[in-house]
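Enquirer: In case it helps, TrEMBL gives these features for our protein:
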REGION    25-44  region 'Disordered'
DOMAIN    79-193  domain 'Multidrug resistance protein MdtA-like barrel-sandwich hybrid'
DOMAIN    214-282  domain 'CusB-like beta-barrel'
DOMAIN    292-352  domain 'YknX-like C-terminal permuted SH3-like'
Amino acid sequence: MSLSITIKKSLIALSVMGLVACSGEQGPKQPSDQANQKEQKKDKKKEFAIPVEVTFSKVGNVAKFYQTTAILEAEQESKVVNKVTGMLESVHAQEGQRVKAGDMLAQIDPRNYQLDYERAKIDFESAKSEYQRSQPVDGKQLISEKDLDKLRFRVQTTENQLEVARIKLRDSKVTSPIDGVIAKRSVKAHNMLSGVGDEMFHVVSLDSLIGIVYLPESELSQVKLGQVAQLTFPAEPNLTLDAKVLRIAPMVDSKLGTFKVTLTIDNQDGVLKPGMFARVALLLDSKESVTLIPENAVIKKDGKASIFIAKDNRAKKLDVETGYAQDGWVEVMTPLSPEDGVITIGQHGLKDDALLNVLNQDKSANVEHASEASQPL
């Protein structure tokens, strides 16, 4: 009996020790869990600074351009055709050769035309001589008035025939009607030209080329004669040339709502060729000493434009009115403080009054001072 009592006492003692041990492990953990929860709440309340980069506005010049394309054409060109038939005796011009107006390009066999001319000349001289002999002498009429009229008519007829023969003889020599370059030669020596009007040469003047562009009628009031356009060429990436407005069509195409503008391009050095593709930037208007900001800083939504500026490490949203854009910069009509950095990286998705970490704080300060003496665009 004493043994069972002893066992019971031992079990009770072990149970008490177990409870004490358990309570000893859990006791210190309670304040630790509370501290962790407080830290987590603090972390949730802590604001995260969004990294951004800024650029300061500057004062400069900006222009409005209308962008389009054009195919260059020769202002003066001529398709030289044969006006008489016969054997092509010789060719005196090749493709790419420069020629002057009146230079011989080819010679058609002139012998038959020379004979026709000589015959017509003889007939004319004969008719004229006979008419002169039939004139009244000392007031006396040698032949009737009717016969005199016939002689007079014969003189006129033979004179006309002589002129026709002279023109045909002249046209057997094929000449260039303009100064230019032989763009195409369609004949070879000793070919027979059996009909008239066949193209023999194509002569183009390269000293001055033109480009045709079509603008919307909304720009009609801004286009003037002599206005400058800038041309660039995919075939000549390093080449940029100026053109001028030569002609403005007096009518607007009612179906397309556009009007035709002809540009003239000086090509004295012959770098450009007819048929070349050109990108055209026609200058419509320009402004001086306006406030400019980077174009990529502007956020457009629902037809409205806005920007974010960094002020006291906080983002401030500002609705703005923009104007002309050029070379990555855009005009802003809304007043801006020169000290306010315009956020150019990190502005998308940004919220008003968000905490900022301006990554280029030192660099942007230098930009601010440099912008005061910035050169016009």
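From the backbone N, Cα and C atoms, a Cβ is placed for every residue, glycine too.
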Enquirer: Looking only at the domain 'Multidrug resistance protein MdtA-like barrel-sandwich hybrid' (79-193), report the model's average pLDDT.
Expert: 93
Enquirer: Which residue counts does DSSP give the domain 'CusB-like beta-barrel' (214-282) for helix, strand and coil?
Expert: 6 helix, 42 strand, 21 coil
